[in-house]
Amino acid sequence: MVVGIAIMFDMMDDLVNFSSFRFHWADYVVCIALVLLSTGTGFYIAKFYKIKLLYKLQFYRGKERVSDVEQIDYGSTKMNEYLLGSRTLSVLPVAMSLVGSYVSGVTILGTVSEIYYYGTQYSLIAVAIIAMAFPVAYIYVPVFYVLGVHSSYEYLGMRFNNAVRTLCSVFFILDEIFFLPMVVHVPSITFQQVTGVHALIVSTIMCALCVAYTLVGGIKAVVYTDAWQVFVMFWTVITVVIIGIVYGGGFGPIGEAASEGGRLIFANVNPSLLERQTLWAVLIGGFSYWTSFNSVNQTMVQRYLSLSSLKKARLSILVFTASIVFFIIFLCIGGLLVYQAYAHCDPLSAKLIEQDDQIFPIYVIQTVGNLPGMPGLFVAGVFGAALSSLSTVLNSTALVIMEDIVKNVIKIELSPKTANRLVKGSVLILGLVGLALSFLFQHLEGILSVATSLTGLASSAQFGMFTLGMLFPWTNSIGALTGGIIGYLMGGWIVFGIQIASYMDLLVRDKLPLSVSECPFNATLMEPQEQTDINPVFLMSYHWTNPIGVGTTLLVGAIVSLATKPTKLEEINMDYLAPFTHRFFRKFMAKPQDNTEPVT
């Protein structure tokens, strides 16, 4: 305890000189080396990685062993190889790429900030994530494997019609366009904070590197680069947290500080939808959001389908879930460490930082800033997380644009050369869009809630439409289309209303008590503000945005389907339904088509 208090006082003294802190030369070397190594991995895979022993490549489909050498396009210039890796990737790299697809700088900085300002109730998101793994692995992913789709949205065209498929594809593209600037923005402000290099320059360099290796390497470059970047990211955060625990005097003093500051909250059972973090909001909202994103979103499905069997896909989901839970637990501990350090001198109130999400970088600088190379390692981890998420979005969105928009909507048959140019042109344009929009996020507070709300908006309508198709056999295309539109509009009204109200400073955040009583210089807390009279919907916790969108889509879709000639059970292909429903509807269903593959 004495050690923890002494170090906290040292950190308070260091706050005086914090504004003048800049990277040591060793930090530049470590950060630049790791970033170049990450991107270099992508270029290596793109240019020098060769698939060996093609004649030995075989898939097992049911009882029949089928050689696929002639059915697979090899070489990064072929779209099957570029976008799906010819379905020959390994479980561990794919699982790490799944982690990289979800975890970005938003997750690292946002989770720590959330725990610091709102307490540990959010840490129960780990329970929601564990619960998410079962429906993803046993309800949704098996359907994609049986049907052998390239884009997850192909399923909607089979189950309903092209209009439903197109709508969901547009939702996905909008979702990724909203997500891109957040991914670019977070590492840029972090690097600017410790180096003084303008965020515009940092964002431009990061986008250029990521777009370059995604352009030349496709999904293999993305997956294997993601695996390396996730390793750096985990190593960085775990190292910082372990050092922080030592600096803080162990778990006892850390827990004591959190308890005294009212941060240890695990059973807030307040039923109000307006409170930011409650047990119900985290468990229900977290489960809905994580399941929506990981079950049908193309960025995740594309990785499941890059594996040769459903068994391997399920194993990758298991590894992904365990890794995410492990990582988030460390981030939550990091939030408590940060609170212990600044329990009596909040950096935001003291105007040492400009945004909530900069609180973890300032902590890292003060705890390990005296160790040359460690701040550079941390920034490299944030960069790696951003690069992995960015490359995933670019590659997956390019596939959807080609498969679901150009081929399906515009009805253009593309030659391999034209398809190559289209996909790579899409990657380039999306990178430029993400860079241009990233500066809009400088004025938004609480990047984790913003990211969850915006991505939850599109994923809720998408997830609702897929669920209508896989679990409700009577639903029809009119119901799915109507449900998706109404669900998206409902979620959009809430999400954009909240963001606009936040931008106009009409929302009062319900942060837990902060203090500046022991700051080594004059600092004052902001005067408590009263909430202005606005629609209560815009005060709702960000956790509820996704469940409301999903529920609206399901309810409207099911009712409209019943009112507009529901699909007859005997007319539907059983392969379009989740496997566990077959036992209930088998006697009503049509037999599976001969050209589909049984689940392996």
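Just so it is clear, glycine is given a Cβ too, placed from its N, Cα and C backbone atoms.
What TrEMBL lists as transmembrane segment is 25-46 (among others).
Sequence annotations record features per position, and here TrEMBL assigns transmembrane segment to 88-110 (among others).
Taken from TrEMBL, the feature transmembrane segment applies to 122-147 (among others).
Packing against the transmembrane segment (167-184) from elsewhere in the chain are residues 104-106, 151, 153, 156, 203, 206-207, 297-299, 386, 389-390, 393, 396-397, 400-401, 404-405, 408, 430, 433-441, 447, 450-451, 454-455, 457-459, 461-462, 465-466, 481, 484-485, 488: each is 6 or more residues past its ends and has a CB under 8 Å from a CB in it. Residues or ranges marked as transmembrane segment by TrEMBL: 167-184 (among others).
Marked as transmembrane segment by TrEMBL: 228-247 (among others).
Positions annotated as transmembrane segment by TrEMBL: 278-296 (among others).
Residues 4, 8, 11, 91-92, 95-96, 98-99, 102-103, 107-108, 111-116, 120, 122-123, 125-126, 129-130, 132-133, 136-137, 141, 230, 234, 237-238, 240-241, 244-245, 248, 253-255, 257-258, 261, 263, 294, 304, 359-360, 363, 366-367 of the same chain, all 6+ positions outside the transmembrane segment (317-342), place their C-beta atoms under 8 angstroms from a C-beta of that stretch. What TrEMBL lists as transmembrane segment is 317-342 (among others).
Among the features that TrEMBL reports, transmembrane segment is placed at 377-401 (among others).
Annotation comment: TrEMBL describes 422-441 (among others) as transmembrane segment.
Annotation source TrEMBL lists transmembrane segment at 447-473 (among others).
What TrEMBL lists as transmembrane segment is 485-504 (among others).
Per TrEMBL, transmembrane segment is recorded for 544-564 (among others). Outside the transmembrane segment (544-564) by six or more residues, the chain places 273, 281, 284-285, 288-289, 292, 452-453, 456-457, 459-461, 463-465, 467-468, 472, 474-476, 478-480, 482-484, 486-488, 490-491, 494-495 with a CB less than 8 A from a CB of the stretch.
Ranked by number of Cβ pairs under 8 Å to the transmembrane segment (122-147), the listed stretches 228-247, 278-296, 377-401 are led by 278-296. Taking Cβ pairs closer than 8 Å, the transmembrane segment (228-247) reaches residues 4, 7, 34, 37-38, 41, 96-97, 99-100, 103, 108, 254, 323, 327, 330-331, 333-334, 337, 363-364, 367-368, 374, 377-378, 380-382, 384-385, 387-388 in its own chain, all 6 or more past its ends.
Here the transmembrane segment (377-401) has long-range neighbours at 27, 30-31, 34-35, 38-39, 42, 83, 97, 100-105, 107-109, 150-151, 153, 169, 172-173, 176, 179-180, 183-184, 186-187, 190-191, 194, 206-207, 209-211, 213-214, 218-219, 221-222, 225-226, 228-230, 232-233, 235-237, 239-240, 298-299, 302, 361, 364, 368, 422-424, 426-427, 430-431, 434, meaning same-chain residues at least 6 beyond its ends whose C-beta is under 8 angstroms from one of its own.
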